Amino acid sequence: MAFAGLNDADVKAALDGCAAADSFDYKKFFKACGLAAKSADEVKKAFATIDQDNSGFIEEEELKLFLQNFSAGARALTDKETKTFLAAGDSDGDGKIGVDEFASLVKA
């Protein structure tokens, strides 16, 4: 699994909770998988995993594949879910999510 320190059963339950298209809710997901309860350093490690191109930001295409970081067989987010997730996390309006924005999103 990509995220050390997360319980496999919690991750599976979180993924099962958003298996249907347009059912992804980042707040519920972060809480269900246990990421919301992790330390700032662990959240930064999760960010680094999601930031596939190591740009220092999570762009829209990386967000679309967000769930697949938790499980290779997970679905891609729909365009609507991706745009909602990006809008929630992009507090400075630059069209991407930085590490501090991601940490705020996880702890929201």
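Any Cβ shown, glycine's included, is placed from N, Cα and C.
What TrEMBL lists as Ca(2+) binding site is D51, D53, S55, F57, E62, D90, D92, D94, K96, E101. What TrEMBL lists as domain 'EF-hand' is 38-73, 77-108.
Everything TrEMBL records as a feature, shown here on the structure.
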{"residue": "D51", "record": "Ca(2+) binding site", "Cβ within 10 Å": "20"}
{"residue": "S55", "record": "Ca(2+) binding site", "Cβ within 10 Å": "11"}
{"residue": "E62", "record": "Ca(2+) binding site", "Cβ within 10 Å": "18"}
{"residue": "D92", "record": "Ca(2+) binding site", "Cβ within 10 Å": "10"}
{"residue": "K96", "record": "Ca(2+) binding site", "Cβ within 10 Å": "19"}
Other parts of the chain folded back onto the domain 'EF-hand' (38-73), taken as Cβ under 8 Å at six or more residues beyond its ends: 1-6, 11-12, 14-15, 18, 24, 79, 82-83, 85-86, 89, 95-99, 102-103, 106-107
For the domain 'EF-hand' (77-108), the number of residues DSSP places in helix, strand and coil: 20 helix, 2 strand, 10 coil
Mean of the pLDDT scores, which run from 0 to 100, over the domain 'EF-hand' (38-73): 95
Secondary structure content of the domain 'EF-hand' (38-73), with strand meaning DSSP E or B: 20 helix, 2 strand, 14 coil
